[in-house]
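Copied over from Swiss-Prot, here are the features:
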- TYR136: active site, proton donor/acceptor (ACT_SITE)
- LYS164: active site, schiff-base intermediate with substrate (ACT_SITE)
- THR49, ILE207: pyruvate binding site (BINDING)
- THR48: site 'Part of a proton relay during catalysis' (SITE)
- TYR110: site 'Part of a proton relay during catalysis' (SITE)
Amino acid sequence: MTHDTFTGVFPAMTTPFDDEERIDHETLRDHAQRLEAAGVDGLVPVGTTGESATMSHDEHIEVVETVVDAVDDVPVIAGSGSNNTREALELSERAADAGADGLLLISPYYNIPEPEGMETHYRTVADAVDLPQIIYNVPGRTGRNIAVETAVSLAEHENIVGYKAASGDLNRVGEVIERTREENFEVLSGDDALTLPIIAQGGTGCISVSANVEPERTVALVGAALEGDFTRARELQYELGDLFRTLFIETNPIPINEAMDMRDIHSSTMRSPLNPLQPEHREQLREVLADLER
């Protein structure tokens with residue numbers, strides 16, 4: 001697997017649960033196959049959108065195994081990050097053993113290391129696990145940005161081949177792209193609403209929430225942008241804009257799970273402490289999805 005694999009659309013997969021909050025592996029398998037058939041470029045299970053924070057280690061790896069087994073021709077990039085370096089290393093090693101093609105590692109959260117500690121954390125995993133790895137900057141959840149200098153330094157590691165940008169700061173993303181463009185390094189949007197401007201700066205695609213429910217349109221948008229057809233890409237951005245915004249009207253993945261239920265893809269059941277979507281937001285989401293079907 002080369003860094004070129006990290007170009008295009010990679011759905012941050014939801015995880016289906018039954019009414020007792022058990023993982024529904026049969027539906028998960030169907031979901032993975034549906035996304036592959038829609039033309040996505042890879043799958044990202046057990047990330048934030050997949051509710052990895054509520055899973056045991058064994059459940060986490062079972063989800064990876066199910067997705068790996070379900071698909072034929074697209075890479076599986078398993079979430080394996082933690083705020084505990086030993087835990088991140090264990091999850092990464094087990095994901096590799098389960099057949100993952102690559103790893104997505106959120107930056108350490110809650111204990112909020114300084115840049116030196118963050119770089120050591122990532123290098124420890126990259127030195128030990130011989131898979132391509134994407135570092136994930138989402139300060140709204142972790143409490144701290146990955147410093148640009150840290151990202152630039154990590155881009156020199158042969159196993160660290162990508163950066164998921166979810167800070168909402170286009171200047172920061174642009175600087176990372178500019179300073180790593182000579183490296184074996186790809187920058188992917190982690191915010192659907194910013195995918196188009198990030199690609200315009202030199203990004204290579206997205207790890208997408210919206211692609212769970214609108215994979216074909218998301219693939220078309222990203223494909224047009226990567227081909228330089230920004231007129232078509234803008235048209236698709238306008239079509240999907242309300243969806244991008246509504247999927248974050250409450251904490252992700254609450255709205256996307258409701259959307260999956262509305263589209264009869266899987267149940268909206270989530271694990272506690274996530275709550276069902278508020279009624280007024282449910283109606284707003286229903287209208288957005290209905291507009292996309294007209």
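Glycine too: its Cβ is placed from the backbone N, Cα and C atoms.
Feature map: Swiss-Prot annotations on the structure.
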residue: THR48; record: site 'Part of a proton relay during catalysis'; Cβ neighbours (10 Å): 23
residue: THR49; record: pyruvate binding site; Cβ neighbours (10 Å): 23
residue: TYR110; record: site 'Part of a proton relay during catalysis'; Cβ neighbours (10 Å): 9
residue: TYR136; record: active site, proton donor/acceptor; Cβ neighbours (10 Å): 25
residue: LYS164; record: active site, schiff-base intermediate with substrate; Cβ neighbours (10 Å): 28
residue: ILE207; record: pyruvate binding site; Cβ neighbours (10 Å): 30
Taking each of TYR110, TYR136, ILE207 in turn, which of these recorded positions have a Cα lying within 10 angstroms of the Cα of the residue listed as 'active site, schiff-base intermediate with substrate'?
TYR136, ILE207
Going by Cα-Cα distance, which of the recorded positions (THR48, THR49, TYR110) sits nearest to TYR136 (active site, proton donor/acceptor)?
THR48
Check the Cα-Cα distances from TYR110 (site 'Part of a proton relay during catalysis') to the recorded positions THR48, THR49, ILE207 and tell me which is shortest.
THR48
For the C-alpha pair, I'd like the distance in angstrom between THR48 (site 'Part of a proton relay during catalysis') and ILE207 (pyruvate binding site), rounded off.
11
